[in-house]
Amino acid sequence: MKKGLMISFEGPDGAGKTTVLEAVLPLLREKLSQDILTTREPGGVTISEEIRHIILDVKHTQMDKKTELLLYMAARRQHLVEKVLPALEEGKIVLMDRFIDSSVAYQGSGRGLDKSHIKWLNDYATDSHKPDLTLYFDVPSEVGLERIQKSVQREVNRLDLEQLDMHQRVRQGYLELADSEPNRIVTIDASQQLDEVIAETFSIILDRINQ
């Protein structure tokens, strides 16, 4: 049995990571014999999806930033043990729409919470599991927000309502993460044409699988 592989897709709102994940999935399935599972955070399993609704509900503007962080961690733990780890044990490739880096970028850089606390909580919630590969889709915050506003398919959530400076801090947090872990995190310019982003993503994933 082939070893399972965890690949996370990360990026600020409007970067297009979910669109790219959905586009690259059939290409990978056509190319590879290994089973591929796609999932998302927060969510992926019933308990975590219910937590997702609480976190992203636009009515919950009064939510404390530490409450937000801890809800993400609870959703992460349940999702990991119920869905992700069993798939990896079965030798599957798991494509994850967000994982541990989102908490560092959003609640750390974005909300200003202590990143050392967030990293400890991430380790606690995941038993120190990290992705084998993280694809970070980088886009200027202004471009990301413009895409969100123009999208007719996307449902606006509570985080989309944040001001530009919040999104800029999140992006900076991601860039710092990418600089700190270059062997795990690969940065992709998501301001390119979509077909170029998809092709680059596909190539990077295949290269990592074939190593």
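Quick reminder: no glycine exception, Cβ is built from N, Cα and C everywhere.
Record features, source Swiss-Prot:
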| type | residues | note |
| --- | --- | --- |
| BINDING | GLY11, PRO12, ASP13, GLY14, ALA15, GLY16, LYS17, THR18 | ATP binding site |
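Each of the binding-site residues GLY11, PRO12, GLY16 was scored by the number of other CB atoms within 10 A of its CB, and the lowest score belongs to GLY16. Fewest Cβ neighbours within 10 Å among the binding-site residues GLY14, ALA15, THR18: that distinction goes to THR18. Listed in sequence order, the residues PHE137, VAL139, GLY144, ARG147, ALA190 complete the 8 Å Cβ shell around the ATP site centroid, once GLY11, PRO12, ASP13, GLY14, ALA15, GLY16, LYS17, THR18 themselves are left out.
Taking each of the binding-site residues ASP13, LYS17 in turn and counting other Cβ atoms within 10 Å of its Cβ gives the largest count for LYS17.
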